[in-house]
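Peer 1: Handing you a structure now.
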Amino acid sequence: MLSFLYARQSGLDDPVRLRRAESTRRVLSLELNHNRDVDRIHGNGINTLDIEVIDGRYMLSGGSDGVIVIYDLENNSKKPQYTCKAICTVGRSVCRHVHKFSVETVQWYPHDTGMFVSSSFDKTMKVWDTETLKPAEEFQFDGNVYCHHMSPVARKHSLVAVGTKDPKVQLCDLKSGSRIHILQGHRGEILSVRWSPRYDHILATASTDSRVHIWDVRRASGSLFTLDQHNGDKSKTSSEAVNTAHNGRVNGLCFTADGLHLLTTGTDDRMRLWNSATGENTLVNYGKVVNESRKGLKFTVSRGCSPEFVFVPCGSSVAVYGLHSGELITMLRGHYNNVDCCEFHPDYQELYSGGKDCNILAWVPVLRQPDIEDEETNSKRGGTQAAINPAFEDAWSSDED
Amino acid sequence: MNRKRALIADTFCLTKRRRCAADSVTGESQADIRSSLQYLVTLFSRKLFNDSLPPVVLKHQLYSLHNDKTSVDKQVNELRETGELLMFQLGFDSEAFALVFAEDFRAKVLQGEAGRGTLGTVEKFLAKLIPSCSDLSFNKEKMLKEFLFTDSEITQLVKSGVLTVRDAGSWWLSIPNSGKFIKYFIKGRKAVLGMVKKSKYGEILQTELEGRRTTSQVKFQMKYHIHDIIGAELVECIQTTSGTLLRYVDGNVN
């Protein structure tokens, strides 16, 4: 560590290098911390979490009871013991616009925290005004809405991609309120949609028909390509399974932070890493990634570390894999029931995970322990800091001995 | 925990990496996989099939011997490209691939075909297959145009067991007489998993499992099956102070 600091100071190393090394060290020491807690508001499982991009201060959560809660993650009290308070709630009794059934996805508006969008199994997607907590816009659909996503980099458009029970992916425009743009190509329910963080017109969608399509929304005719797990080698599978991304339903999608790679998870208990420009399967073998989710699985990738890590909910723990090596680094155990979603805070390298046990757990990097030397010198200098148990105090020997 | 500490050390200790840059990776690794394959081949019981089958190893058994699955896959593919190793789709699991050394395969197939009329066709097929082609299945076009086989020759190949029907107009590459192997393998795997499941708390030390007497269902050596269940992640491997513990994983299809 000292060598890194010296190299940074003298200009031998790039400034990014020290930051990356320290971020990696922090991610590798993630642990449950008894000092950090998140308010427990939900009465039923938590399906989705989202941390806003601007400050990284506010977190949204959506639960199976239809309730949406906003938490303040910043620690303004001077004590290390801190509970992330819930600032406001869109609750069942308080608000009459609340979702009737389970909220599946929530997302902050990518450019400021004045607005957020939530979609739910009550077949609606609502755009909320954070100030008044009332929906400014509501979109009705024909089937359960599994997921939605707004592009994090888009400046020219404000399209929300929505995946529902219908095999057609719908694009809703927030500026005009129209929803005529439809992407056709899937044959099953759409379980997950994701915009690329690199290009504002590239969209990936995953469906129960085992296929993942990559679309360019500016093109009128069909998808750019589908992801093929065998990279075109038709001899490896049975003929029905040709051109599929997984041997089961594909229920999770996540782009890496630079948008160059795409991760997909499927109910065949596999996770695959793809080159997002060519659609090639990089054949990184993560082993068995247990996946029994019937709806979408929300997982996340770290940012600013080298090597990058993938955090996947696996049963009642969160598995951490190295992104390009495929090895299992550790399992974060702490939840009492299935984990449904996890979200990475890039500035503090913290992980928040929510699950069916109604808890949101914060995984915080363990700080370096103070050196033993410092403690000793403190007690010599201080003397008032009585680290000794009064029963062992020397109260009877005199100074002359 | 150990892996994490090693990774942290890797990130911060540059000098060690520079020193060992020379003596690592490429040269050793191929030899590594080949020696693991040869070790697994010794665990295969030849006498069981009256010496009519070449020694078969499953690809996921290698995962139990080496940590990095991606590099194992890469090296297996390299060996297949050079024509040393052949890979087969076994059929009971879309992810279970069998590996056989090419010379063993050729020797056993020709031994099985000796004296039969189909010998010539099979020889021709093997000659085309072994050095260059690394496909798992063939469709009709390929057989007729690339390999220049006639329909009757294809029928002869299916009869001899080198090709198995996949669907109308395409065939899997297969090992002749492998039906018995698959049957014993599946039965044995189920029996060994049952042993782990029935143990107290559903877990058993690996050394204890190796020492147990095998039931009549288990025809292969215990170690062969243990590598299989560890590699296919049907049991969880936990390192303890008394050795490796195998814990049954719930939610298995078996």
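Every residue, even glycine, has its Cβ placed from backbone N, Cα and C.
Under the heading region 'Disordered', TrEMBL lists A:374-401. If you look up TrEMBL, you'll see A:96-138, A:183-218, A:243-284, A:332-363 marked as repeat 'WD'.
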Peer 1: If you average the pLDDT over the repeat 'WD' (A:243-284), what number do you get?
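Peer 2: Mean model confidence (pLDDT) across the repeat 'WD' (A:243-284) is 91.
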Peer 1: Which residues of the same chain, at least 6 past either end of the repeat 'WD' (A:332-363), have a Cβ under 8 Å from a Cβ in it?
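Peer 2: Residues 23, 26-27, 30-33, 36-38, 40, 42-51, 56, 59, 61, 63, 71, 73, 84, 257, 293, 297-305, 311-320.
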Peer 1: So, by DSSP, how many helix, strand and coil residues make up the repeat 'WD' (A:243-284)?
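Peer 2: Reading the DSSP string over the repeat 'WD' (A:243-284) gives 0 helix, 19 strand, 23 coil.
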